[in-house]
Amino acid sequence: FAAVSVDCSEYPKPACMSEYRPLCGSDNKTYVNKCNFCNAVVESNGTLTLSHFGKC
C-alpha cells in the first residue's frame, strides 16, 4: 500500500487551466485537475486529502 499524495506547495493559484486530469478527494468529490484540488486543499486548511487519482 503506497500513500497517494499531490504536492500543493505552490498553491493557491487564482486561476486554473481547464485540463481534465481528475482526482478524487477525501470528501468523495471529483476534482477536474490538480489545480482545482490543491485550491480546495488550501481552503480546507489541509483537512482535504487525495483519495486516489481518477474520478470518485
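From the backbone N, Cα and C atoms, a Cβ is placed for every residue, glycine too.
Model, not experiment: these values are computed from the prediction.
Looking at CYS8, CYS24, CYS35, the record from Swiss-Prot puts CYS16 in a disulfide bond with CYS35. When Swiss-Prot is consulted, the disulfide partner of CYS8, picked from CYS38, CYS56, turns out to be CYS38. When you go through ASN28, ASN45 in Swiss-Prot, the residue listed as N-linked glycosylation site is ASN45. Counting only residues at least six positions away in the same chain, the Cβ atoms of VAL32, ASN33, CYS35, ASN36, ASN39 sit under 8 Å from the Cβ of CYS16 (disulfide bond). Closest in space to CYS8 (disulfide bond), of the recorded positions given as CYS24, ASN45, CYS56, is ASN45, taking the CA atom of each residue. When the neighbouring Cβ atoms lying within 10 Å are counted for each of the disulfide-bonded residues (CYS8, CYS24, CYS35, CYS38), the highest count belongs to CYS38. For CYS56 (disulfide bond) paired with CYS38 (disulfide bond), the C-alpha to C-alpha distance reads 16 Å.
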